[in-house]
Amino acid sequence: MEKPVMGDTVLEESFRRAGGKRTYVQRLFARIARVYDLLNRLMSLGLDRRWRAFAARCLALGPGEIGLDLGAGTADLAIAVIRQAGPGARMIGMDITPEMLDLGRRKLVRLGLQDRIELRVGDAEHIDLPDNSVDGCCSAFMMRNVTDLRQALREMLRVVRPGGRMVCLEISHPPGKLLGALFHLYFYRIAPLFGAIIGKAAEEYRYLPRSLTHFPDAPALKAIMEEVGWSEVRFHRLNGGIVAVHVATKPGPGSKSGTSADEADQPLA
């Protein structure tokens, strides 16, 4: 089993008191659900929508295909995928936090997308779907929150059909000393203030930067994906590498072309 992604002893004690990391994360997101979208916009300076749109282009869900969004939350990534998908494409969104999904369902009704996106409670480490049952799988800002990273990646591999694609959008460790120092200052010192002031959730938003501390950087995450069986793994660094989008294919026939892949910083226009 994967070690906790945190070396922070205070946070590990919080996991212990909650009965495990999964329960801690579930309760945390339940508490911040009502302000989650707003704080995403503020903490990312509005860039998170562009990041999700880029990830959706990488997934490239085709006509009539079914995609799976893990850690779907309020459904922003699933919505981005459907907006760029072919006719008749559908999405299933899973999350362990019912409060987030409730907000997502209301959003889908407002947008008229409730017939194309289904939200249900589900766990990325134990996906309640048959083998080879979806054409593609994606996640945004989820991987840092799982208990066992390799298990989640193996489950994604199991449910995606041969030749199908997996896309993972995650906060990353930017290369370079100057950008790394600026990112550290903002992400660890300034961004949590948004949670404390606006969401009155200081503890919750201290967790978010801490969760990155021992999370693999982009090349290391690529290696883990290859280790569990994904092929054609590559990643895109966005905005200087503060986030990375990993794209991989399940071995087998039917691989499809999509957004070109290299490891340079990618334009988001």
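Placement of Cβ uses the backbone N, Cα and C atoms for every residue, glycine included.
Per TrEMBL, the feature S-adenosyl-L-methionine binding site maps to Thr74, Asp95, Asp123, Ala124. The region 'Disordered' feature in TrEMBL is assigned to 249-269.
Locations of recorded TrEMBL features on the structure.
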| residue | record | Cβ within 10 Å |
| --- | --- | --- |
| Thr74 | S-adenosyl-L-methionine binding site | 26 |
| Asp95 | S-adenosyl-L-methionine binding site | 25 |
| Asp123 | S-adenosyl-L-methionine binding site | 18 |
| Ala124 | S-adenosyl-L-methionine binding site | 26 |
DSSP state at Thr74 (S-adenosyl-L-methionine binding site), helix/strand/coil: coil
